Amino acid sequence: MRHSSTMQYHQALPNEDLVTLGLCLPASCTKHDVATMLDKVLHNKTLFIGELFTINFRLQEVTDLVNDYQWLLSSKMISIIGVLLLLFTTVTAATVYDISVHRNHVNSEKKIIRLQDGNTEELKNVRKVKCKTSDDGPAPSESRQQNHMNQYLLCFSLLRNARHLFQIKESTEPLRIFYGMRVLGMLWIILGHLIMFGFHVMANKSLYYMRNDEVLMKIINNPTFPVDTFFFMSGFLSSYIFLKEKQKMKRTLSITERANMFIQVIIKRYIRLTPAYFIVILISILNFTWHDHVSALLPYEDPSEKCSKYWWTNILYINNFYHWNDVCLIWSWYLPNDMQFSVFGTLLLMLSITHYNIATGLGVLSIILSIVTVAYTGYTINYQHSITAIYKAGTDIYIRPWCRISPYLIGMATCQLLTKCDFKLHLSKKTLIIGWILATLCNGTILFGFDNKNVSLSLSILYLSLSRVGWTLGIAWVVVVCTTSHAGIVKKILSLDIFVILSKFTYGAYLLNPIFILSVLSSRYYPFYIDNVTIGTLFIAIVVCSFIASILLFVTVEMPFASLLKLCNGAPKKRKEVDGDKFL
């Protein structure tokens with residue numbers, strides 16, 4: 001039911017006027033019977049609370065929580081289950097082939113090599129067997145084609161992909177800190193998602209507002225800033241990879257060659273990100289369609305309905321141009337922004353090959369225009385900084401690419417600066433102290449500076465337009481001092497091996513954590529009460545579940561398609577890589 005009472009303070013939250021009423025009725029009652037009965041009760045204002053507070057109720061929906069699983073027989077569900085079964089079958093077949101055929105063949109080859117230094121008589125027998133079998137074998141061209149097909153199939157082998165789980169790659173030392181930044185940033189985002197998606201089923205919202213001035217709550221309530229950190233890292237790594245390739249160029253590329261290089265970069269990024277993204281969308285539709293038939297509490301959003309209708313906007317990476325309420329997997333707004341920034345950033349990098357100053361000017365101009373656009377949009381919607389501001393400004397400011405591109409471009413500029421000095425920058429002790437003080441004051445003020453909720457419109461707009469740029473500059477300082485060996489303990493912490501391992505699964509954790517949060521909260525028959533113990537317990541549980549599920553996504557989807565991409569590109573099996581192709 002939805003109400004139109006003036007007793008509730010308007011908070012600009014989704015479904016803030018929604019009231020969930022649970023009824024235990026005989027099985028003979030149909031949804032139509034219940035809807036008719038409730039319509040009469042609400043129309044006649046029979047409910048005592050309606051008379052007491054002068055509340056008008058309107059029936060929204062009647063849901064029968066008796067699940068007969070008939071929804072599984074729809075063509076949509078059959079298609080989704082079919083795709084998931086196809087993936088499962090492919091992974092199983094590849095793993096069985098890897099165990100029973102491929103590994104036996106490899107072991108036979110190793111045995112022959114060992115026999116060359118040992119028993120020559122046995123070696124002759126082995127060679128006779130090989131020659132005898134080769135007479136009836138396939139032609140060389142057929143053998144090569146079969147070998148290629150086998151290699152493609154082996155990309156989906158769990159055994160082969162599992163080797164990469166806890167493998168620490170040799171990486172460029174200055175960039176090792178990004179692993180720690182990824183993991184810590186993702187933990188912060190998950191913590192913010194827990195409150196954001198749990199707010200609609202929170203019983204003690206008043207206590208939540210009263211605790212907003214606490215340090216812990218300020219951190220929880222600002223999970224948007226680690227997102228800017230990820231944009232910064234994405235821009236930095238894109239620029240770094242390009243500059244490494246540029247150093248290998250023996251001549252200036254023609255326009256055609258640059259266009260071809262640009263297309264390859266975008267296609268490679270699309271293939272690396274989309275398969276896992278698509279599988280998560282399918283799982284979301286399947287999971288939340290089931291919740292629609294068994295859950296008493298409506299979720300913050302309804303992925304089963306929105307993803308069934310708008311899934312194609314996600315695959316095309318244009319869902320950030322739609323309204324906040326029409327986005328499939330609302331948390332995935334980051335992906336289209338990052339893809340669009342990658343396209344724009346790559347164009348600037350290609351232009352910088354022959355027109356460096358023009359490319360730099362366009363980058364600076366884009367940052368200025370982004371700041372001005374955010375300020376103007378904030379003014380037109382009368383933006384006021386508050387805990388609920390993200391819901392009010394979500395469509396106009398939060399998910400639009402022209403409002404979020406500044407951190408990405410600052411990341412590119414930081415990489416250009418460090419690459420020019422070859423990551424060797426002399427900074428005096430005085431400069432380091434001043435830099436750390438300024439960076440700490442800047443990011444600390446942005447994070448904890450707003451205690452007074454009744455700030456003026458001009459101050460709110462100033463904060464809105466400059467806070468993300470200021471935060472990113474503070475992060476840029478940390479990256480500069482760490483990559484030039486001036487950070488000491490900070491660099492050691494961010495470069496720990498545990499972060500190198502966990503960073504492989506941050507992409508999957510990013511896609512999956514809201515699914516676990518929404519599933520847990522939608523499975524309840526009553527709201528939950530917020531306190532430190534509840535938040536801590538749920539946070540740890542969601543983190544563990546998200547990373548475990550991300551490992552499964554990594555070995556069954558991410559790694560197979562990454563391996564297929566390398567095979568199609570003819571990349572060698574062993575090469576030194578910079579793990580910057582993925583942003584998370």
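Cβ atoms are placed via backbone N, Cα and C, with glycine included.
Please treat TrEMBL annotations as automatic predictions, because they have not gone through curation.
Here is what TrEMBL records for this protein:
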TRANSMEM  77-97  transmembrane segment
DOMAIN    180-553  domain 'Acyltransferase 3'
TRANSMEM  183-203  transmembrane segment
TRANSMEM  223-243  transmembrane segment
TRANSMEM  270-290  transmembrane segment
TRANSMEM  364-382  transmembrane segment
TRANSMEM  432-450  transmembrane segment
TRANSMEM  470-489  transmembrane segment
TRANSMEM  501-521  transmembrane segment
TRANSMEM  533-557  transmembrane segment
_Contact call for the transmembrane segment (470-489) against the transmembrane segment (223-243), three or more Cβ pairs under 8 Å_ = yes
*Kindly say whether the transmembrane segment (501-521) and the transmembrane segment (432-450) touch, using the definition of 3 or more Cβ pairs under 8 Å where each pair is 6 or more positions apart.*
no
*Taking contact to mean three or more C-beta pairs under 8 angstroms, with sequence separation of 6 or more, is the transmembrane segment (223-243) in contact with the transmembrane segment (270-290)?*
no
*When only pairs 6 or more apart in sequence are counted, do the transmembrane segment (270-290) and the transmembrane segment (432-450) reach 3 or more Cβ pairs under 8 Å?*
no
*Other parts of the chain folded back onto the transmembrane segment (533-557), taken as Cβ under 8 Å at six or more residues beyond its ends*: 87, 91, 156, 158, 161-162, 164-165, 187, 190-191, 194-195, 198, 220, 275-276, 279-280, 502, 504-509, 511-513, 516-517, 520
